[in-house]
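Undergrad: Following this message is one structure expressed as structure tokens.
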Amino acid sequence: MRVHGEVSDDEAAVAAAAGEQVPISPTAASAGQQWLVVGYALTKKKVKSFLQPKLLALARKKGIHFVSIDETRPLSEQGPFDIILHKLTSKEWQQVLEDYREEHPEVTVLDPPNAIQHLHNRQSMLQEVADLNLSNGYGEVCTPRQLVIMKDPSSIPDAVAKAGLTLPLVAKPLVVDGTSKSHELSLAYLEASLPLLDPPLVLQEFVNHGGILFKVYIVGETIRVVRRFSLPDVNTYDLGNNDGIFRFPRVSCATNNAEDADVDPCIAELPPKPLLEKLGKELRRRLGLRLFNIDMIREHGRKDRYYVIDINYFPGYGKMPGYEHIFTDFLLSLVQSKYKRLLSGC
């Protein structure tokens, strides 16, 4: 393993943003410490948001070495890696990674490409939540009623009526491909405006939720929740005085932070921890994923009824407070678990 000379956090961040191998301090190596090598295959935008100086600095202190994977070279000629982090969506890359997993079962891939595929389609991503039928003493977790429209916008009003969906409806692109466009929303108040939508898409019944969304970040077994401003509630006046299609950019981004906002405590109250732990555990098992987030809302006026409206793979962890500690601890725990299994002969 090659170890580079001492560099500053800023220099490391620049190298990461440029897609180059991130230099690390030789301190640990000179002291005989083994490095945990994490190869990453991420877009430039993801590298910039995820491999922040504070993460790189803490990773070096803990003996974690991030290495950029060169997509133009055979993966088997790179490394060796202990862990591979990735968020590339091309079919070619997915096949490369699947082949590599078969050849190198000792390497932990976060996460398996075939499992991630489940979240690339909004028709299937919420099915596991619906199948859970999760309800306990802390609350109930549901999914909005929804309808998939593949083509022919003129058929949407009849399809909505046949499905018995109630306006207003939130329209989302069917395919989630990592682009900003795939996270854009549209809100349709009137039946006459439905043919203006652009399939393929998913229509979800809008649920009033006090204008607050909970982003539930999952990193292995760790769960963190942050509040974001969301679409405002819709009332009878809105339904009678709005027509057309209202389009919104990505609603729950970090700029819509609602952590310190003056919000009704009943609306701002976070979902109960036991409920989130149960939901996170079940979805990790059912989805086969360890890095994802859940967009959740609480029905306004119903303290214990929650709706999952989206699930995202490898979300913007850089926006999560303290993510550098959570993520480095998670990476180290993976190696510790593997070591324990080897000792036990499992």
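A Cβ is built for glycine as well, from the same backbone N, Cα and C atoms used for every other residue.
Model, not experiment: these values are computed from the prediction.
Annotation comment: TrEMBL describes LYS46, LYS87, HIS183, LYS215, ASN312, GLY316 as 1D-myo-inositol 1,3,4-trisphosphate binding site. Sequence annotations record features per position, and here TrEMBL assigns ATP binding site to ARG122, LYS172, 204-215, SER230. Here TrEMBL flags ASP295, ASP310 as Mg(2+) 1 binding site. The Mg(2+) 2 binding site feature in TrEMBL is assigned to ASP310, ASN312. Sequence annotations record features per position, and here TrEMBL assigns domain 'Inositol-tetrakisphosphate 1-kinase N-terminal' to 37-116. Positions annotated as domain 'Inositol 1,3,4-trisphosphate 5/6-kinase ATP-grasp' by TrEMBL: 137-332.
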Undergrad: Rounded to an integer, what is the Cα-Cα distance in Å between GLY316 (1D-myo-inositol 1,3,4-trisphosphate binding site) and ASP295 (Mg(2+) 1 binding site)?
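TA: If we compare the Cα positions of GLY316 (1D-myo-inositol 1,3,4-trisphosphate binding site) and ASP295 (Mg(2+) 1 binding site), the gap is 13 Å.
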Undergrad: By Cβ count within 10 Å, point out the most packed of the binding-site residues listed: GLN204, ASN312.
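TA: Ranked by Cβ atoms within 10 Å, first place goes to GLN204.
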Undergrad: Taking Cα atoms as reference points, rank the binding-site residues LYS46, ARG122, HIS183, ASN208 by distance from ASP310 (Mg(2+) 1 binding site) and give the first.
TA: ARG122
Undergrad: Could you state the whole-number distance in Å separating the C-alpha atoms of LYS87 (1D-myo-inositol 1,3,4-trisphosphate binding site) and ILE212 (ATP binding site)?
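TA: With the alpha carbons as reference points, the distance is 28 Å.
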Undergrad: On the DSSP side of things, how many residues of the domain 'Inositol-tetrakisphosphate 1-kinase N-terminal' (37-116) fall into helix, strand and coil, could you say?
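TA: Helix (H, G, I), strand (E, B), coil: 36 helix, 17 strand, 27 coil.
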Undergrad: Which one is it: of the binding-site residues PHE206, PHE214, which Cβ has the fewest other Cβ atoms within 10 Å in this structure?
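TA: Minimum Cβ neighbour count within 10 Å, taken over the binding-site residues PHE206, PHE214, occurs at PHE206.
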Undergrad: Would you mind pulling the longest C-alpha to C-alpha span across LYS46, LYS87, HIS183, LYS215, ASN312, GLY316, which the record has binding 1D-myo-inositol 1,3,4-trisphosphate, in angstrom?
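TA: Comparing all Cα pairs, the maximum is 19 Å.
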Undergrad: Near the Cβ of GLY210 (ATP binding site), how many other Cβ atoms are there if near means within 10 Å?
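TA: Within a 10 Å radius of the Cβ of GLY210 (ATP binding site) lie 18 other Cβ atoms.
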Undergrad: Spatially, and counting Cα to Cα, which of the binding-site residues is closest to PHE206 (ATP binding site)? Options: LYS46, HIS183, LYS215, ASP295, ASN312.
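TA: Ranked by Cα distance from PHE206 (ATP binding site), first place goes to ASP295.
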Undergrad: Please report how many Å separate the Cα atom of LYS215 (1D-myo-inositol 1,3,4-trisphosphate binding site) from that of ASN208 (ATP binding site), as a whole number.
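TA: One finds 17 Å between the Cα atoms of these residues.
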